[in-house]
Amino acid sequence: MEKMKNRKYERKISRGKFFLRKYLPVLLIILRTLFLIILIVMAIYFLLYSDFFKIKKINITGIEQFVNINDVDTLAKTSVLDKNIILLKNQNLSKDLKNNFLGAKYFEIKKKLPDTIIINIIERIPIAIVFKNDNEDHFMVDEEGYVLGIVDPKNQTLPEIKYEKDIDVGKFIDKNLIPLYTELTTCLQQEEVKASSISFHSGYILFYTENGQEILIGNEKNKLEAIKTVDALIKQSKLENKEIRRIDLRYDKVIVLFK
């Protein structure tokens with residue numbers, strides 16, 4: 001009887017060992033997986049909901065000539081302060097600032113973990129002065145035609161452009177004006193033709209050379225070819241001892257008037 005009990009006990013032990021050998025690796029894998037999942041969940045919770053990653057500081061750098069840095073700071077704080085820095089999308093904040101502060105060309109946004117946002121203001125650069133009439137205000141504009149502010153032309157070396165439409169600070173002038181101006185000045189420099197003043201009108205450009213010759217070029221004309229024609233005509237007139245008063249290149253046929 002005693003032997004039978006011992007055999008049953010041994011069989012139970014044997015079955016237990018067999019169970020452990022067969023299922024222990026699986027149980028260990030399950031436990032490790034659960035532990036890893038718990039760690040991941042805790043890490044995600046810490047990253048997304050912990051105060052450690054809430055935005056507490058906003059540093060603003062860059063030029064401040066056409067943008068009020070205090071206003072930028074106020075809007076940025078209203079938009080992102082105490083929000084999670086991990087979830088913040090840089091492009092959204094940059095777009096929001098750009099829409100509110102047109103005086104900036106764009107805003108660079110950088111994250112400095114764990115709680116700081118750095119905003120770098122890239123301001124517009126004035127490339128010309130526009131005016132409607134000589135006795136009225138003169139305004140600085142950038143390459144996109146954005147009117148930056150009123151300026152005294154006597155204290156500036158920027159080229160002046162006469163513009164026939166209304167000009168208001170904080171708004172854009174004709175978007176085609178600056179590309180036309182840039183194209184024209186590039187061609188003038190390439191052909192070494194110097195202009196003393198440039199004005200833009202509906203359908204054509206008017207400029208005066210340093211010697212007072214009046215030049216008219218249609219907006220649709222190839223600017224480089226037009227300037228080459230002007231240069232050639234001026235040189236030819238000098239050889240012939242003639243003085244040109246006006247060159248009109250608005251039409252198919254070039255019209256030249258002499259003094």
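Cβ coordinates come from backbone N, Cα and C, glycine included.
Features as listed in TrEMBL:
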type     : residues : note
DOMAIN   : 53-124   : domain 'POTRA'
DOMAIN   : 133-250  : domain 'Cell division protein FtsQ/DivIB C-terminal'
TRANSMEM : 20-48    : transmembrane segment
Per-residue pLDDT averaged over the domain 'Cell division protein FtsQ/DivIB C-terminal' (133-250), given as an integer: 89
Same-chain residues at least 6 beyond the ends of the transmembrane segment (20-48) whose Cβ lies under 8 Å from its Cβ atoms: 84, 86-87
